[in-house]
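Encoded as structure tokens, the structure appears first; notes follow it.
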Amino acid sequence: MAVFVLFQLLAALFTPHPLASLGVASLRSAFIVALLAAGVWLRRSERLRPLLWGYLAVFVTAWVSTVWQFAANPQGLLEIRLLHPYYYFVTLGLLAAIALWLTVSWKGGSWLWRLPVIVFSLATLAASGSRGPILALIVGAVATALCGHRRYLWGILLTGMLGLAAVAALPQLREAASVERLVTLGLTGRDEVWQGALEAFRQNPVGGAGPYQIGPYLEFLYKDGCNLTPWLMNEGVGCPAWLEPFRGAWLIAHNLLLHSLAETGILGTLGLLALLGLGAYATWRSRDGLLVSIFWGFMAMSLIDVVTAVPSMGFSELFWVGIGIALTQTGLAGARTPPDSLEVA
């Protein structure tokens, strides 16, 4: 962890705006270390289970919000992806994948409630129309099976069979925009975003352009201006004027390595790779099915997205907390027993 923090701070000194970058890099590094410490404190992945109920509440909100917005035009539901006032499509899909991992890994849980949760999460994943979360779900399950937890493969096989059965039984689903998008192989503009990230790295190879400062280089995304979620835009809610100058801060390069090189150059990327290497070793050695699926699923999705950058809407934070738990389980970090109030049956 010390290597990660040191290289992040060193990289900031070689950016076009070193003072601003140093301050932001310090805050971001401290936040990641705090998340790792939170995982060390939690100690066991079972204590992540309450997240499932929060995710289900998000899914219900998404379905209700989408149906409510298209109540006057029900046919339009087949032409759009699942919407949410706060979450984007991809985030909804990723949360659905995490919900599936949590449900399958829940030892002792009755199938009377787990099967409906699996079906609901699968429906949410499909309706999000996001391919990255499906890649994460599959790779995470395969990695966990290689660690000896074959029930993950059975769980994913079951969800896949349910999805195929639904599409076969309901011809209308085959015409849904979200389902059509899942079977396409186009990059949807990612190649242009990657070129922008490479340009940021070429101009600042040692320290990058700085944390949260690569937006102007990602012209393909930056030119669209400041936008909120599609649900809010459909409701006529736009970006406030004061937020417009900061619109580039949350733009991502849609590839973890390119994003890191663009933001922090060679120095910062070396530090990040060192920390991720430690996380890979710890999670694999822990043999904890949930932690393995989260880590390797996120890594797979990071080929076409950036799901480890903080702050996020909760998913990136879960990734780093999971590494902290793995560090404790493998004896690579000290541990502190949490209070009884955090015990989960």
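Start at 1 and count along the chain as shown; that gives each residue its number.
Glycine is treated like the rest: Cβ placed from N, Cα and C.
Straight from TrEMBL, the features:
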type	residues	note
TRANSMEM	24-42	transmembrane segment
TRANSMEM	51-71	transmembrane segment
TRANSMEM	86-106	transmembrane segment
DOMAIN	117-272	domain 'O-antigen ligase-related'
TRANSMEM	118-146	transmembrane segment
TRANSMEM	152-171	transmembrane segment
TRANSMEM	265-284	transmembrane segment
TRANSMEM	290-311	transmembrane segment
Query = To what whole number does the mean pLDDT across the domain 'O-antigen ligase-related' (117-272) round?
reply = 85
Task = Take a look at 24-42, 51-71, 86-106, 290-311 and tell me which one has the most Cβ pairs under 8 Å to the transmembrane segment (265-284).
result = 290-311
Query = Relative to the transmembrane segment (290-311), which of 24-42, 51-71, 86-106 accounts for the most Cβ pairs at distances under 8 Å?
reply = 86-106
Note = Per the Cβ under 8 Å criterion, with at least 6 residues separating them from its ends, the transmembrane segment (24-42) contacts 1, 4-5, 8-9, 11-12, 48, 210-212, 264, 268, 275, 310-311, 317, 320-328, 333-336, 338, 342
Request  = Six or more residues out from either end of the transmembrane segment (51-71), which same-chain residues have a Cβ under 8 Å from its Cβ atoms?
outcome  = 77, 80, 82-85, 87, 92, 95-96, 98-99, 102-103, 106, 117, 120-121, 124, 127, 231, 234-235, 318
Task = Residue list, the transmembrane segment (86-106) vs rest of chain: Cβ under 8 Å, 6 or more residues beyond ends.
result = 45, 48-49, 51-52, 55-56, 58-59, 62, 114, 117-118, 121-122, 124-125, 127-130, 132-134, 136-137, 140-141, 149, 151-152, 155-156, 159, 229-230, 289-290, 293-294, 297, 301, 305, 307, 313-315, 318
